[in-house]
């Protein structure tokens, strides 16, 4: 490898936490160490840049964290960093430490902040997609998404036990913000009779028709998975409307909530996070900036941050169709 | 063993389902088979007695179910069985099949039904305590309780990851109806700073004092576990009051809900269910009736159903004290 | 869709079982039902074809199996099917039932049998890659591989606890036959200091050098993951050689074994299996034969069985390098 | 509470590690802090006493460890502490720090060392039973036992999937040293057709008779759980003898090994460890010495170390009988 374009970098985690952020952090720190690049950890996202919360990190600082959920650097959404004054302070602290590159692990809010900072002050930035929502363009999967799928699936499997024992109908809300990836995949994986996601225009009539088909097919218990971003209404409204039309049903609502953000990362997430953490440091060394590192079709790919934010991974229409065919 | 007091029995699961009900059912069926007693499974609790839904069961009918959550016989709360007419019909069906004993797996509602039926018609009944709430007198643990504890704990561990990553305060509601066993044990096991249970008079002032102590001790994230039966108010009200007094906190509420009823039973629950299922059949064979079988201090014990319903397992005051000492 | 090329099909699972085979089976049966194609399940792989063990399956035959490990059709390696007489009998049974297509879920041994049968008798065959080893060409992942990775990782995480508590060195053998995919990915995901796989020429000297580097770096416990197909020698020999050169080490060997084949499939495996089961039926309907259905870069792809058997997925050299950089 | 008998204590973990040791350690440190007692952690068991490896611990030193397997203090079997010279050095270090009490978390080897040390030098010692084997008298359960049961059960459940898919017979070895508790309970919980434990005189003829009964009853796959301390011979010998007598069986051996020592502790283990850690400190404060703290029938009990070592928890004969009745 040629001379590295950076000699001192920082790494931070920002936005909603996701399983595998620690694994990515470990990869950043150890790759930097391997190539003799100084690496500082910044606590609580961009706030740490502003508050001058820099800690030198070495290979042993990140031992055993590959299996841990959350992020040892902690995360935060920084209001100050949205102000010119905040960013100026952050820049001055970077300057003081001689920082030449910043690895930002997080979602699109994080990337927006990084982009503005680069454009204003010229310190190289590279994004690592860490979010359970899988809503970032430029990578097949985001870090944390696979773990969240398994967590949601395990929870719905448990609910299935009690649904079946009581001939009940459960509406289960899963996370994903404006994206339906978690809903579609966890719903397919748990045999949900219907899956309501924001990417598709759902209607209450179609839902009711599905219930009728399920009943005709002899299903005695049913689960409907609802994405938190579903646009038809809140899960409680949908459940209530269903109860009104099917008074004979014993209906329950379950909101899975924050358990989906935690837990030890899956193997796929640890491997993905390791690759992307490595790729981020190598990208900076090669002089890349204002890009996000991702994996597409098993190859490392760098996408302009602007593009990563603007575009979106699209829901697979085939998968939607398959989920309908297999449900009943 | 002397001549058995019964030659034909039925088994049913009733009330809220609990992990391990299938393991108990398997034990009933196989023990009956071992002692050459005919055994019928009744579907959907007492409803099945009324609807004449009897199925002959043998050792192979229950294969592989020891590891499955829920109950293959399904469960229900029967309104009809609360009427004299419903019970009369159930009796006539039992008479027709020559049934001499009934094993009822469930909670106190189930036991109440069994008791009335025995007193009216004289068919021997024996209760097996299956409920995650652990609120039945006459057994150290009920079937499903240990599994529910582990499920709640795993979920709270996951929430801890995200709480720590964001310096957040989480209020987590766990099940248990009027009893605080799940809350106390899962809260202790996850390092909750406070545990709110119906067995103790909690006050919002004490809760606030705990937050202040936690902060002073340097805790940066906090979890409060709240029993669903907590009498101080709903978890949302408590969270709101806390937010008002501590506006700087980033507070979230999580209601774990029905995941706590499902899942493959723990080893302790499978062993307990196996013992109690065996004990139920042996009890009937020995002529026992109107009793519940339980395990106390590792010995099998039969308690009058009346007593099992009226009395309650008490929360361990030492454990409460220990949880406070260790929390911060 | 045009007229289907097949109206009656069978489905079987063969070779080593893998988590997700049941999910694939469910998808085959429900897709067939959706398109009004008769579908029979064959028990115990090709043996069932020979023994005329055909069972008509409908949507309810496969309820709740999406979450179950193993295969409800059971699997077997059939010696009889390797003989012309065995295949003749299988053909006669297919003829008698009017079978026009066969879905074979399994690994390369299974595909070889299917290919010969098609070439001899002309009944359409399609392969679905179900094996934990991930050694099949024509699909990014095989069904069961992701689950096996997580199972191996969880086991190694547990071993890590005891390794760290005692400053021990553990050699852990994982499955994968001639392929190192499970070893490389589970080793990377658990922070193994070295990973020995058959695709790379390893030497005992390099291993010893790694131990020395690890020690110098301050690591107090170490895990080496060894693929079962490693060509340097048995795991016991490697451990013994290490002990001789590092008498101060407290060395243990752990062979993970058959736990890697079982368990409830991961979300990724359930989704993959659902897609491929669907794709197999649609492929037959479109007249495809002698091919395997796979997913590559998130698209469904049909590969000639001959090619799927002959070629192999290659170990990612980047991943090998990353695992070395991050290990210590 | 009266004046405490101790003002400065140490805590150490020794012998084989067990899940929940960290939870016990946390309880010791926080209870000591609560009662204003100085507490030092000793690394690597008695070795740390000899090597003067004392670290002052406070409530924050043990944060988040309640959920972690292994022991952050590390464990070791100390040869030096078995010599008078080693113990003299340990005493001098204790004297220098003003240590008045020692909490020893471990098994019977640990307790033997503590007892000798107390008898020679008069520093108060109290034992906390931490071992997965459950072979300590004076407590219903040892710390780590419940977690090990669940780990063994989960592994055998996975093996069951593959056993059933292939009509195989599996011999599975579980840990427990000279005791059969893990084997009996995990075998019962997984429906093993036979369970071989050192507490009962097993014979190969009885095992063969069991296989014949299982076959007659229509079981198509079978699991035999073997305790590592089984006296009939090694698991490989038993498997080989079975193969010779039943050549038609497809037999496999699985040794679960060290995964049984690791993993995040179960809720029951975390609660037990918390109680016993608390009880150890309170015991020392009340002037107790040369005793072990345990839980019997849900009450805290102190047993002379001598008795805890000499006597043994007995295998429950009823449970053995029940496991046989339910197996087939």
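Just so it is clear, glycine is given a Cβ too, placed from its N, Cα and C backbone atoms.
Remember, it's a predicted structure, so these values are computed and weren't measured experimentally.
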Report the candidate from B:205, B:206, B:228, B:286 that shares the substrate site with B:131, B:132, B:133, B:168, B:175, B:176, B:177, B:252, B:258, B:259, B:260, B:261, as recorded in TrEMBL. B:228
Residue among B:16, B:20, B:180 sharing the ATP site, where TrEMBL lists B:77, B:78, B:107, B:108, B:109, B:110 as binders: B:16
Need one residue: from B:112, B:160, B:299, the one TrEMBL lists with B:26, B:27, B:28, B:29, B:30, B:219, B:220, B:221 for ADP. B:160
Whole-number Å distance separating the Cα atoms of residue B:77 (ATP binding site) and residue B:30 (ADP binding site) is 26
Long-range same-chain neighbours of residue B:252 (substrate binding site), Cβ under 8 Å, sequence gap at least 6? B:163, B:168, B:169, B:170, B:171
Mind telling me which of the binding-site residues B:108, B:133 has the densest Cβ neighbourhood, counting other Cβ atoms within 10 Å? B:133
Ten-angstrom check, please: count other Cβ atoms within 10 Å of the Cβ of residue B:131 (substrate binding site), all chains counted. 27
Would you kindly determine which binding-site residues in the set B:26, B:133, B:219, B:259, B:261 have their Cβ under 8 angstroms from any Cβ of chain A, listing them in sequence order or replying 'none'? B:259, B:261
To the nearest Å, how far is the Cα of residue B:177 (substrate binding site) from the Cα of residue B:78 (ATP binding site)? 19
Anything within 10 Å of residue B:108 (ATP binding site)? Look among the binding-site residues B:26, B:28, B:175, B:219, B:259, comparing CA atoms, and list what you find. none
CA pair residue B:175 (substrate binding site) / residue B:30 (ADP binding site), Å rounded to integer, equals 32
The answer, for which of the binding-site residues B:219, B:261 has its Cβ ringed by the most other Cβ atoms inside 10 Å, is B:261
What residues, ordered by sequence, lie under 8 A Cβ-to-Cβ from residue B:26 (ADP binding site) and sit at least six positions away in the same chain? B:62, B:65, B:66, B:274, B:277
Can you tell me which of the binding-site residues B:16, B:107, B:131, B:259, B:261 is spatially closest to residue B:219 (ADP binding site)? Compare CA atoms only. B:259
